[in-house]
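Visitor: Input: one structure, supplied below.
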Amino acid sequence: MDALQSALLGAAAAAALTAVTGNTNAQRARKEAIAMSIAETLPKPKVPKVDEMPQNVGILAIEPYFPSTYLEQSELESHNGASAGKYTIGLGQAQMSLCTDNEDPTSMGLTVLTSLLKKYDIKGSEIGRLEIGTETLTDKSKSLKTSLLRALGNPNVEGATNLNACYGGTAAFLNCVNYCTNPYNKGKKAICVIVDIAAYARGAARPTSGSGAVAVLVGEDSWLKFGGVKASWTEDVWDFYKADHEVEYPQVDGKVSQECYFRSLRGCYEGFRKEYEARTSKPFAFSSPAYWVFHAPYNKLVRKSFSRLQYYDDPAAPWCAELDIKSRDYDKLAQKRVEKEFNKKMGKGLEVSRRIGNTYAASVFMGLCGVVEGEDLKADKELAVFSYGSGSIATMYNLVVRETDGDRFTLVKCRERMKLKERLQARVKVGAEELDLALDCRELMHSSPKGYSPLYPTQSLWEGTYFLQGIDDKFRRSYGVKKGPVEVHGGALATAMVKRLVKEKNEGKVEREETDTKVEEGFIPITGVAVGLPGFEDPFSADNIDKLLSGQNMIQPISGSLLASMLEKNVYQLKYTAATASVREKIKITSEEMTLKLAAKINDFDATKFGVPKSLVGTMDLAASVAVCCGLNAMKNAGLLKGGNGGWELEERMRDDTGVIYITSFPGLDATVDEVMRFLQSKTVGAAGSERLVEALRSKFLRASAQGKLSDEDEASFARLRARAREETEDEVRDGSVYEFDRKFLFKVLCLGNSQLAQVAKCRGPNCQVNTACSGTTTGLSIASDWIRLGRCKRVVVIAGDSASSDALLPFIGNGFVALGAATTKSTVEEGARPFNPSRSGMIVGSGGVGIVLESAAVATPRSAPILAHLIHSQFSNSAYHGAAMSSPHIASELTRFLADVEKLHGITKEEIAQHGVYYAHETSTNSSPTASCSYNEITALRSVFGAELLSRMLITNTKGFTGHSMGVSFEDAACCSGLKQQRVPPVANLNEIDKHLGDIKLSEGGSYAHRYSLRLGAGFGSQVAWALYGR
């Protein structure tokens, strides 16, 4: 019968079955007959033959991981003021592994999984199932398995995360065994990764903390096969649970939990014994297995539990007949009776947990590692494993040692590659005080509302260890791999930053040193940021910040007419040539190849969309207009303005306390150049007008006249010509084709963006314009913070606008940089925009605007303002050095002073800034020589202050490679604030090679990056220097 016939018959029989109704004996018999006929028509499943069934499924390899640092329990006793022996004897613990905030279940899982794959040369394609066992969740929905899958590089893998307190690892292991036992998966292997961080609140349970991970490879032809005997015990109890998702710590009822452990052990043991005897026809007692492995929260509990097995074997034995099993007398006697058996069957397996502490779900597998490493595992020896997880679920199962047929995975190789004893000895001891600091720091991580940058440095980690780089504002985690050996100095792990922030958390305040500078305590909240970007059709697109942080290119080739205008300005450079090595020669710029061809230009926009009256728009030049619109947008983003129709004015109660600072490098210059150029054009083109031609013609007639005058008839004719020419001129004036002085010119060059924004938004507080060239925005923000700290106002809107690449200014500003040899002459963005690259050849002129709102915490907090970042500290000065060049020694000395104040005022060290910060470089890509470039001066100054090692840790980024140099407009300051909020960093543009003269530096590739600080240098013509430190 073919498949079609079978289907048709089955369908007919099913229809017949449906037609039979009623419930009499005859009707039931009829239904059964039809059902049997249906069953006969169904295709029979393929039953694998005996020789196709997977054989000897079990453990092929096992690999542990634990942190590189530990503390002594005896020292913890002293630190906690506990009696000697309370932890070492009372709990039976010797040491404890210490996990800080730079490791989590994902990082440890990646570390142990990668190590297993590498040591045994396992290909991802060999694995069909990946199971995870953990109770330390980083997400309530996303399985940890999905994050570990990157190590396999194989998406076709089954499995997920198993969760039930300390039992998850056993569930994962049994799932892997079942998968590999299934004949339909024959040839495939499975891996279970069991990882946990055991952490407890301060109190009696904290000494039972610990952390670790184990990866187990499961498959056929194992040297430690699954024996097939198992029994489970499950109850609904509340002995240990984690209902509060804002903390890492469990709710624990220690007494109830111990009773549940004992009850589950008895239930599993009696069920296991019964199953074992039924399967093997051999008697089973606690002494039957060669070795036992128990879940080990702490050693003393395991001792007590093991001693009870003899009671479960024979409750009526004379030695215990008169003792209450719950009494201390029973415990003492029972433990003494089995002490020899305990040391023989459990000693090596428990040694690992004694030295690393509780590892929750990984505990029994750490015990297996200890047995594999330390015991004489001959063929046919049997292990019994008891796994318990609160809540509660428990299982007991057996494993059997065997000789393998193949030699790829063997017991000997596993021992050699695990090197458990060596790795335990290689750890670094730290002080007992480090436990509270580490766990308190982890509390900070779990209570962080959005985004987190780990406080602990990675130097203390094993080489090759995965570590948590950070958590962004959408709670997404990123990871890195530690390079270099373990470095811990003097047993101290926590940095000054950790101690300070933990103290602030615990006490709500921190002591700060007094300084000569009178500064109000606290950081200045930044509540609104907006940018007007060049290069895009809409300079004020809603996704501008995303464009800035993602590094979208804004630089474009300039037009042919602008190129022509550049070349006609008769520009010369002074250069040393091969012929004049000691004297600079004047070289005229005569061709397109010799001048700039790239710029970042801002496109036209309608300022009235931001509530700017049309009459006021006519009084603004381009720089002021873009700055004002950025300011209004930033105020809207800060929640100070509603926007839209009639929503661009501050509430009356805010007006007197809101100041404005306008930054521009060329105040009013755009309007001035435009006015002058209109006039000059009128003089050259308008000179050929009708009236001038009439007068020129009359003069010619006069010179030709013998009498030196014209006849009355000729004079009348010229009078008529003058009248007609005057009418034509008046018509041209009316239609704008002839120059007429702009009566709003003074408004454009005197009022500027600061008063214009104030006029629109009704900001009646302090108001000024600042020009410190290209350090302007950073300087303006510093002045704004001073205003707030000194109580001059409660909030300041700092706006910046420059239009150096406009049609009016580029022929002058651009040629100014060309004349200095500071502008690139490359024709493509890829060639011209190369920050930090050895082939960088000069800057690219840009334009744009920035708006940043700073507020006093006293007003920002009550109104629940959207705080993006904080301005922690700022400083500005002048090097008194040169019109264009940077003084690296002075910049370094100013940075030293700046960082000293930051530490005195706020307790933040340069080590913290380097480890947890991003440096936004001023780098303009100028490169006169290997040691005379913008980036060389910056990096040299940084290295002299931070030192080579610290500098190599600090991420460095730059925006000018994709925005161009927007003069006084610092897109970097806007990116500092928005990047901290989103935990993102812009990329360094066209990054393919780093100038070797800059030394060992870490440049940004963009994307998510966890950081706490952003350090910004603003440098400008005239030796202007400004520093700012932003924080979360």
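From the backbone N, Cα and C atoms, a Cβ is placed for every residue, glycine too.
A TrEMBL annotation is a machine prediction, not a hand-curated record.
Here TrEMBL flags 1-22 as signal peptide. The feature active site, proton donor/acceptor is assigned by TrEMBL to Glu135, His295. Residues or ranges marked as active site, acyl-thioester intermediate in TrEMBL: Cys166. The CoA binding site feature in TrEMBL is assigned to Ser257, Lys300, Lys304. The domain 'Ketosynthase family 3 (KS3)' feature in TrEMBL is assigned to 521-1032.
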Visitor: What does the structure give for the C-alpha distance between the residue listed as 'active site, acyl-thioester intermediate' and Glu135 (active site, proton donor/acceptor)? Integer Å is fine.
Guide: 7
Visitor: Most Cβ neighbours within 10 Å: which of the recorded positions His295, Lys300, Lys304 is it?
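Guide: That would be His295, with the highest Cβ count within 10 Å.
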Visitor: Do you know which of the recorded positions Glu135, Cys166, Ser257 has the most other C-beta atoms within 10 angstroms of its C-beta?
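Guide: Top count of Cβ atoms within 10 Å goes to Cys166.
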Visitor: Cβ within 8 angstroms of the Cβ centroid of Ser257, Lys300, Lys304: which residues besides those meet this for the CoA site?
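Guide: Residues close to the CoA site, other than Ser257, Lys300, Lys304: Gln258, Tyr261, Pro297, Tyr298, Leu301, Val302, Ser305.
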Visitor: Between the Cα atoms of His295 (active site, proton donor/acceptor) and Glu135 (active site, proton donor/acceptor), find the distance and write it as a whole number of Å.
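Guide: Rounded to a whole number, the Cα-Cα distance is 15 Å.
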Visitor: What mean pLDDT score does the domain 'Ketosynthase family 3 (KS3)' (521-1032) have in the model?
Guide: 89
Visitor: Going by Cα-Cα distance, pick out whichever of the binding-site residues Ser257, Lys300, Lys304 is nearest to Glu135 (active site, proton donor/acceptor).
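Guide: Nearest listed residue in space: Ser257.
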Visitor: Just how spread out is the CoA site if you go by the largest Cα to Cα distance in Å among Ser257, Lys300, Lys304?
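Guide: Maximum Cα-Cα distance: 14 Å.
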